[in-house]
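Copied from Swiss-Prot, the annotated features are:
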TOPO_DOM  1-894  topological domain 'Cytoplasmic'
REGION    192-215  region 'Calmodulin-binding'
REGION    300-323  region 'Calmodulin-binding'
REGION    601-624  region 'Calmodulin-binding'
REGION    793-816  region 'Calmodulin-binding'
TRANSMEM  895-918  transmembrane segment
TOPO_DOM  919-925  topological domain 'Extracellular'
TRANSMEM  926-948  transmembrane segment
TOPO_DOM  949-964  topological domain 'Cytoplasmic'
TRANSMEM  965-985  transmembrane segment
TOPO_DOM  986-989  topological domain 'Extracellular'
TRANSMEM  990-1013  transmembrane segment
TOPO_DOM  1014-1028  topological domain 'Cytoplasmic'
TRANSMEM  1029-1056  transmembrane segment
TOPO_DOM  1057-1111  topological domain 'Extracellular'
TRANSMEM  1112-1137  transmembrane segment
TOPO_DOM  1138-1732  topological domain 'Cytoplasmic'
COILED    1241-1301  coiled coil
REGION    1459-1478  region 'Disordered'
COMPBIAS  1459-1476  compositional bias 'Low complexity'
REGION    1611-1732  region 'Disordered'
Amino acid sequence: MPEPWGTVYFLGIAQVFSFLFSWWNLEGVMNQADAPRPLNWTIRKLCHAAFLPSVRLLKAQKSWIERAFYKRECVHIIPSTKDPHRCCCGRLIGQHVGLTPSISVLQNEKNESRLSRNDIQSEKWSISKHTQLSPTDAFGTIEFQGGGHSNKAMYVRVSFDTKPDLLLHLMTKEWQLELPKLLISVHGGLQNFELQPKLKQVFGKGLIKAAMTTGAWIFTGGVNTGVIRHVGDALKDHASKSRGKICTIGIAPWGIVENQEDLIGRDVVRPYQTMSNPMSKLTVLNSMHSHFILADNGTTGKYGAEVKLRRQLEKHISLQKINTRCLPFFSLDSRLFYSFWGSCQLDSVGIGQGVPVVALIVEGGPNVISIVLEYLRDTPPVPVVVCDGSGRASDILAFGHKYSEEGGLINESLRDQLLVTIQKTFTYTRTQAQHLFIILMECMKKKELITVFRMGSEGHQDIDLAILTALLKGANASAPDQLSLALAWNRVDIARSQIFIYGQQWPVGSLEQAMLDALVLDRVDFVKLLIENGVSMHRFLTISRLEELYNTRHGPSNTLYHLVRDVKKGNLPPDYRISLIDIGLVIEYLMGGAYRCNYTRKRFRTLYHNLFGPKRPKALKLLGMEDDIPLRRGRKTTKKREEEVDIDLDDPEINHFPFPFHELMVWAVLMKRQKMALFFWQHGEEAMAKALVACKLCKAMAHEASENDMVDDISQELNHNSRDFGQLAVELLDQSYKQDEQLAMKLLTYELKNWSNATCLQLAVAAKHRDFIAHTCSQMLLTDMWMGRLRMRKNSGLKVILGILLPPSILSLEFKNKDDMPYMSQAQEIHLQEKEAEEPEKPTKEKEEEDMELTAMLGRNNGESSRKKDEEEVQSKHRLIPLGRKIYEFYNAPIVKFWFYTLAYIGYLMLFNYIVLVKMERWPSTQEWIVISYIFTLGIEKMREILMSEPGKLLQKVKVWLQEYWNVTDLIAILLFSVGMILRLQDQPFRSDGRVIYCVNIIYWYIRLLDIFGVNKYLGPYVMMIGKMMIDMMYFVIIMLVVLMSFGVARQAILFPNEEPSWKLAKNIFYMPYWMIYGEVFADQIDPPCGQNETREDGKIIQLPPCKTGAWIVPAIMACYLLVANILLVNLLIAVFNNTFFEVKSISNQVWKFQRYQLIMTFHERPVLPPPLIIFSHMTMIFQHLCCRWRKHESDPDERDYGLKLFITDDELKKVHDFEEQCIEEYFREKDDRFNSSNDERIRVTSERVENMSMRLEEVNEREHSMKASLQTVDIRLAQLEDLIGRMATALERLTGLERAESNKIRSRTSSDCTDAAYIVRQSSFNSQEGNTFKLQESIDPAGEETMSPTSPTLMPRMRSHSFYSVNMKDKGGIEKLESIFKERSLSLHRATSSHSVAKEPKAPAAPANTLAIVPDSRRPSSCIDIYVSAMDELHCDIDPLDNSVNILGLGEPSFSTPVPSTAPSSSAYATLAPTDRPPSRSIDFEDITSMDTRSFSSDYTHLPECQNPWDSEPPMYHTIERSKSSRYLATTPFLLEEAPIVKSHSFMFSPSRSYYANFGVPVKTAEYTSITDCIDTRCVNAPQAIADRAAFPGGLGDKVEDLTCCHPEREAELSHPSSDSEENEAKGRRATIAISSQEGDNSERTLSNNITVPKIERANSYSAEEPSAPYAHTRKSFSISDKLDRQRNTASLRNPFQRSKSSKPEGRGDSLSMRRLSRTSAFQSFESKHN
């Protein structure tokens, strides 16, 4: 943690003062006994008291880390057997500071009872015994270098056995990490590997998405190798796109980290280089991690220290409970109110289970499979996600998961495939593969906990979906807990697909609790999902829950607390809890005007008081309950109505809301949750009203945020939300108007009981939503309201004026009937009903009877005309309105009232002009009394408007009335006129003052005409422009005042320095500079003449005043002033006016229409008569009110509303709501269509389709390749089938007693995939890489036997071209051996198509040949194409490998003879090479091969029992060649350990026997192993040489084996099986390895010194013919070759067709190696027999 440098700086200053004052104190200044404390002591104490606690806190934190965490260091040097210069801990002996071997011995002699030196040296190094704990010395912050942006990460070095609770405390408290909702533990290969680009992209994207959406932690190994490198790449891509950092914790061993010394330091910031040293075995940390925990067990360069620590930490984190939300504790019974904004007691609502953990497997070695088993066996088990296609362990796990059955069982054939796959993948022996297979099958016993992610599969498109699905499957939790997990992860897709499934049982109330959590956490998709699955919001939402939602801490920051504080007009206590009544006051404050929230009405307050009142005595005192009672009500009525409110608390519906979506939308708006508010707006009734209310609330909150000097972003965001809701309201109105105009108008005028009994038009005006008012539907309604019941289209103004001036003309006007006004106001409806009730019904009935009689008298012909006439009469009847009704409707129309008031106002102004222009008499004239009466009655009308307004309290009524601009100006004008009238009635001089006030007052009444102009379509916008320009000019005047003052004061002070104090000075300052703005520059006063006297032309002398000091400055500053004022500021004002003009011009239509509404509503509510006749209307209204109170004492005055409200019944209201919901559905459907048809969406869909098509094409290509490979495999198997058919034909020929010669011909044509020595001889020629051809001549039996016949046509497909790949290396030493690793030479064997193609060459001189020694092999070879051919005997020959004179088949120089040990297990004889003459040609005959002398053979060859002639049984078809002259081209050093040659299919691999000296096999990589070599068996290889024999060979590897077998730590870590135990398990594993290696012998893994295991040589990437070609191929069953051979071996009566006649053997060739040696049956024993 960073140190408080300011505190340290202050403490340093305090120390300086302390030193100075201590010196002063020492001088004896304050040495009295009773003197006060010295000043330095006081300062020191103050500093300690103020700042030392923070310093002590920092020190305490540092000391806590040092006390809690330790490091381990090796304190006992035990030299390693591999490297004597290193200790067993991995460090050099010199790196052990303060320790030497002798010192360590002495220390151990003291501590361990004086053990002997031999015992100490034989002692094994142990962590517990030979390491020492000490406080950690490495923790702080890492700054990774080497990139464009230096990433930072926290780190700490801890012991490997640290308690996990300390680590969790470190992460949550010191590192300030939030407890995760998910823990993803990534495991995989430690060695670097490559992923497919598409798979890497999907893996990274899915991992980041899973971590971001769920708030997860990611655990990795921390180092920059293997799978961790791929995780770092994904984090790097995410960091470049998003600022949020994912919590990625790397748990790495301290001993494997490179540049450890750079990290040592306590609470430091260390730079760290990410470039790794290629020569070092250590690795660097990954720079994209956020935190590192470095586990230390005292070792260096070894993995394993982090395994136990990581697993224990994961286990401890999984025990922590997930807090899905943190809510204030709330009990409905006790009603305990805790703090919300301050420190409060919180009830952590968990899900009952701990943090879920999931293991993610990508690639990996054998140890990963053991880790998976450990996860699955844990309690509770940890689910595992395997990424198929990443390679190695992941693919093996995926294959086992796919083909294994329940209980971990697998098919026998698939078992063999899996074993072979394990062998080839990890280069394992059969025993090791079986051991790993057992572990794999143990994992498959819990395969339901394993989820396999396959890229492109239909089940899992993304890896994050696989991770979360695996967690839900493995959690074994109830449905509510699973839903809480999905809610915490914010993954609604998981909840929809995995939790809300058919047949799921839900406890009572569980979904409601989930709904509450979703609302608190602002999970809109979950709220929608829960509503779709049956959650009733009407039952869910109660008063307590809604209040709980208002007091939640979660969600975005909002201004609700500040609004409540403003409403309360004071600071709130720290433990204050917001109530719904407070929310009601806030809503009323934001809505403004006369809006009344339901939360503040009497019924709700009484209910709230009855429910929670006893525990909250101050709740109602803060509200002012009496403000909702109209002022005109008496006290008795108030008490009576309070007594009438009777609430049944037992009613279950009393605690619920009738419109829950309304309340939730308002909650979302006030809490600034826009997405949630939009969702609730779509549901429920009255969508248009909700949109307008939300628009007004957001706009008011934005205004409050800007007034409170909050961040501008808050105000801008709220304004944006307001515009969104306003746009929704307009679009919904447009949609409803398109469908039905009449119903759309009803939507605008019907009364909204849930929204303060207002209408949508009133809400739109309150929100100042000009676009809504300017809509065509609203304007049509306003036009009808403006006309009232008058039916006029043209010249309406003239007709109305004519009706006012000539009342009889009213009879000629047309009026509308009731059917033409379905959306009339409530007052008009009531009045119309009352008038219709008073009219007699008899004349109408009589008229109908007369019409019926007239119709009956008419004939059929004129029936239609009578019907038309009847319809016209009915229509005319409806248009007939009584005279009284016409007069009433005429004068009550707003347009008539407007012109009536306008004419009266014009008359008032004319009279006012008269009284101010003529001489004022002592007493007012008649004209003046009329003006006075007009102003007086106008004041009474203003008082009526205030009293008749909707707000309850008088003060609130006044505030609402004063919000209108013209009302304020009217009040000022009336008061000013009243003052003038009072002064006018007085004597002089007050009468003159009154007259002046009259003259000033008339100015306003002329300006008042602008309000009348607002009704005009053309003049209205200009009035709006004038108002805005006046506001702009006010800002300009302030700027102008500054410039004017600066010049005016300077000018006045210079020109008039001797002025006396007077108010004239203020006038003189502004007088001239102000008029200069308008062009009056006062030229004669700019530079008046002064100084010396001037003489005119006529000789007169003019005396000039003396010049003022500095008078020349005035013209200069005046020039600057005029430049700024006249040019700059005036033009600036013109530009501002121009901008305002264009701004208003663009919205002039909306502005005029909005002002028109105000005017229409004003005249709609005014009385009929204008002032001064309005007094009669007032008297009539008072009389009606008194009569109403006398008739109905209990009537509610609020029942009759004179506003623009439509009275409709409940059925009609339901129809209106249904119509509105249909409009919403249609609106969203059209919106979706527009979105889908937009260019951006089309481009996005097209890109997705192209990407999907590319993926499909890739899959098609992969399938095509696999089909090709399968076809090749089929070809190979067909060839094998042909081979079997050939064998069957041979057996049939033998049974039918065919002749020997014909049988031999047929047998000579049969071939095998695993080419034997006889087959090599039959190929007739060798083609070397240099282009030389070596032909082989067929042996001709002396007895006259026929030569080998051409191959049968049935066997022609078996002819192939086989090639030898040999490796050559000169016998060089040192670096030359490593440089010339191998030299490839290719020898091809071509089968002769006929005997005529075999060249008859002269025979070479007979000589003892030691060429092809055939040794029996205990392993059964299979029908393979690729084999290994080793030449072991040739290793001791001193022939130069580059000598071209040496025969390929082994005819060496005549001067050497070297014993060669046999490779047979029981062989003790040696084959000796005899000198012979060099053949003249490089060709050799077949006779030479068959006649070569073999002086000594093994006992198996020389002592064969007579009863079992090897030629009596059927000759085997498969052989391994153990000697070949081609081995001279092979390397003689074990370089093959580093890189194995790649063997092509259909090839032989010559491998030197010296490569087996140290029992090392040649790991062969094969391309196309899934196609050509799928049928290859790994058992068709030669057995390696015994360990005991390697010492007899020169250049053996007996001394430097450990140097060659050292491998990288990542390789060791992958091959080792992780264990949670310490060194005891390591010792057990070491002893078990030695025991296994001693039992396996030649067929098992060879164990060398230092416990380094080397697998025996096997054909890698191969399968036997009995096994399927690949894990995904179909199985094919065939008989084993060894089974056939076993059956044939028991058939003693059968004659071998290949057996030659003994008499045909020439003399002198008894020692020769014949073909019988090449086809020895005992060399082909079953492979399984050795393992069984």
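From the backbone N, Cα and C atoms, a Cβ is placed for every residue, glycine too.
Mean predicted confidence for the topological domain 'Extracellular' (1057-1111): the pLDDT average there is 81.
The largest share of C-beta pairs under 8 angstroms with the transmembrane segment (1029-1056) comes from 1112-1137, of the ranges 895-918, 965-985, 990-1013, 1112-1137.
DSSP assignment over the region 'Calmodulin-binding' (793-816) gives 16 helix, 1 strand, 7 coil.
Ranked by Cβ pairs under 8 Å to the transmembrane segment (895-918), the stretches 965-985, 990-1013, 1112-1137 are led by 990-1013. Taking DSSP states H, G and I as helix and E and B as strand, the topological domain 'Cytoplasmic' (1014-1028) has 10 helix, 0 strand, 5 coil. Sequence-remote contacts of a segment are chain residues at least 6 beyond its ends whose Cβ falls under 8 Å from one of its Cβ atoms, and for the region 'Calmodulin-binding' (793-816) they are 787, 879, 881, 883, 885-887, 889-890, 893, 895-896, 899-900, 903. Cβ atoms under 8 Å from those of the topological domain 'Extracellular' (919-925) belong to residues 932, 984-985, 991, 995 of the same chain, restricted to positions at least 6 beyond its ends. Residues 898, 1140-1141, 1143-1145, 1148-1149, 1151-1152, 1155-1156, 1158-1159 of the same chain, all 6+ positions outside the topological domain 'Cytoplasmic' (1014-1028), place their C-beta atoms under 8 angstroms from a C-beta of that stretch.
For the topological domain 'Cytoplasmic' (949-964), the DSSP counts in helix, strand and coil order read 9 helix, 0 strand, 7 coil. Long-range contacts of the topological domain 'Extracellular' (986-989) within the same chain: none, as no residue at least 6 residues beyond the stretch ends has a Cβ under 8 Å from a Cβ of the stretch.
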